[in-house]
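Below: one structure, written as C-alpha cells.
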C-alpha cells in the first residue's frame, strides 16, 4: 500500500510505501519533517476501511447469489419429488386404499344421510369437535367431497367461529391452570404471547400468523385467552388464517372423491386427469409450505422485535 501526498509549494507528488510512513522526508527548504502514524493514520485507516468494505460487499453479494441459486434448486427438487410421489399415489396406492377404506365409507354415507342432513353434520362437527379436542379435518374432507369449493367453504367458514369461540370462553374458567401449563414450555409460550401484544391490529396479525403456522389448532383455541388477546382480533385473525387450510382440505376431499369414483368404476384416470391432479396437488403442497414458512419467519421477526423492546 502507498501513500500519495501533494507538495503545495512545488506541485510535486510524493509517493511513499506505508511501512515507511514513520521515516523522515526532506522538503524543498532542506528541513526534515517527521511523518508519523498520527499524521497519516486517519487517511490510511480510511483507505483500508474502503478496501475492506469493498471486499466484504463483494463477498456478501457472492454468498447471497449462491444462496438464492441453491434455494431455487432445492425448490425444483422438492417439486419433482412431490410430483413423482403424487403420480405413484394416484396410480397405485390411491386405488387400493380407496377400495378398502374410502369407498365403503362413502357408500354408507350416501345410503344413510341425505344432503341437507350431511350439511348439518359437517357444520356441527366443525363447530363442536375442537371444543372436545377432536380433529375436524375429516369433516372438512366430507364437505369438499359432497359440496365442492363454493358451498363447502361457506359451510366450514360459518362453523369456525363457534369452534374457536367455545374453547376461548371455556378457557377463562381455567385461566391460571392454562398459564402455568404455558410457562412449562417457554419456546411455545413466546409464540403464544405474541397474540396478546400491541394494539388491535397487531393482535389480529399475530393470531393470523399463528393460525397459518404449524402451531396446533386445538391447543391455541384454549391457550389464546391466557395471552390477553381480545376476542375481536382473535376471531378475525382466526378467520383469515384458516382460509388456506380450508381450501387445502376441500381440495383434498375433492381429490379423494375423484380417485374413489375412478376406482369404483374400475377404470384408471386418463393421462390429462393424472397430470392435472399431480399439478394441483404439487401446487397446493408448495403453496402451503411457502405460506407456512413465511408465517414462521414473520413470527420469529415479531419475537425479536418484542425482545428488543424488553431490553
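Placed from the backbone N, Cα and C atoms, the Cβ positions cover glycine too.
Look at TrEMBL and you will find 69-93 (among others) tagged as transmembrane segment.
Residues or ranges marked as transmembrane segment in TrEMBL: 113-134 (among others). Within the same chain, residues 140, 142-143, 146-147, 151, 155-156, 158-160, 162-164, 166-167, 170, 217-218, 221 sit at least 6 positions outside the transmembrane segment (113-134) and bring their C-beta atoms closer than 8 Å to a C-beta of that stretch.
Summarising the annotation, TrEMBL assigns domain 'VTT' to 134-254.
Here the transmembrane segment (146-170) has Cβ contacts under 8 Å with residues 115, 118-119, 122-124, 126-131, 136, 140, 218, 221-222, 224-225, 231, 234-235, 238-239, 242-243, 246-247, 249-251, 253-254 of the same chain, all six or more residues outside its ends. Per TrEMBL, the feature transmembrane segment maps to 146-170 (among others).
Residues annotated as transmembrane segment in TrEMBL: 234-254 (among others).
Per TrEMBL, transmembrane segment is recorded for 274-295 (among others).
Outside the transmembrane segment (234-254) by six or more residues, the chain places 137, 140-146, 148-149, 152-153, 156-157, 160-161, 164-165, 168, 195, 203-212, 224, 280, 284, 287-288, 291 with a CB less than 8 A from a CB of the stretch. Applying DSSP to the domain 'VTT' (134-254) sorts its residues as follows: 106 helix, 0 strand, 15 coil.
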